[in-house]
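The following features are taken from TrEMBL:
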- 172, 235, 237, 238, 387: Mg(2+) binding site (BINDING)
């Protein structure tokens, strides 16, 4: 068995998207291969690469574990490499190659419009938040009319813009609680908000939605997603608690194609246009409202919600942990602050952590406000795909890295939940080797103390 590789080098080697096993019309793709050892020797340069076009003989089966390579060119020597990988069939390879070269411009334009409208609705609600605007779901988590209204709006716009395509939406809310008699007043308010938002944004040519239309639009979000076809992924108000106290939240919308995130939009109405960690932030702290959007292979852009021209953004280039800022969520089932503090200490991070609600953290990281985002849920909590789909591509297309604690890329192809190892870590390429080591060491230390 032979592998042809293009190896992108850093301390923690990453071999992804460039490997083919036994190149032939029926070849399989080595989709994700992460190396945890720097045991390859060759022609390297900082942030550079080594191109190996000769076959490298694999002496062990391709499973999680260890294999050795042997080569005579480029000064490569046989060394053990620790790795994890997944193999895909040739049909999946063809589909993903097609997806990578496909333009999603129309879907992205529609997603931006839908997210903008949802943000507009949510801003109206937040400015006049009343107790009657908060509904308790059956799982006891709070939900506002903004959650329901934003989901109804996004669902309605997406389905209307692509009437000839199968419509699949994986979203957080459903209308079960809203259909109860005691929620009648809330439903009427949601309908009015949706219709007012459409009319006030130049879409008064659309017939007003009825209460049943609104309920049906919300229930379009019941799709289970999966590895095949296209699925929209939506968190209508990501960061509900932040929203309710007038703080950060985001409308997060992404598109999956064959299980991969191919575009993402984050509308963050309360996020300052200047850096969260800037020393001169007070100069323009009244200017808020950011729209981030990314498409696979096309980079990440930011613009103000009031319609300023978009600018391309990139993650921080900081390589020194002592100069890094760490983002994390507020206290709750989704954050283990003790573990994050231990990781930061092992890395040598000096600044106190910055706590922000919602995927606004991903947006802020994509433009270089900070360098690290850690998310380690408490035991028993399962991550949902809508909490990370849009944010992950916004950071990745800005040059960042989003992986789980074991170094695996996030898998959005398994339905409504992310089955991942322990937690999620996000940073730039330069800090990832140090962060990965600190995470593994901290997890071992915590396990040994139990």
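Each Cβ is built from the backbone N, Cα and C atoms, and glycine gets one as well.
Listed in sequence order, 122, 144, 146, 147, 150, 243, 249, 250, 251 are the same-chain residues at least 6 apart in sequence whose CB falls under 8 Å from the CB of residue 237 (Mg(2+) binding site).
The Mg(2+) site is set by 172, 235, 237, 238, 387; from the centre of their CB atoms, other residues of the chain with a CB within 8 Å are 234, 236, 239, 240, 250, 252, 358, 359, 384, 386. With a 10 A radius on its CB, residue 238 (Mg(2+) binding site) counts 29 other CB atoms from all the protein chains. Residue density at residue 172 (Mg(2+) binding site): 22 other Cβ atoms are found within 10 A of its Cβ, drawing on all protein chains shown. Set side by side, the binding-site residues 235, 387 differ in how many other CB atoms lie within 10 angstroms of their CB, and the most is found at 235.
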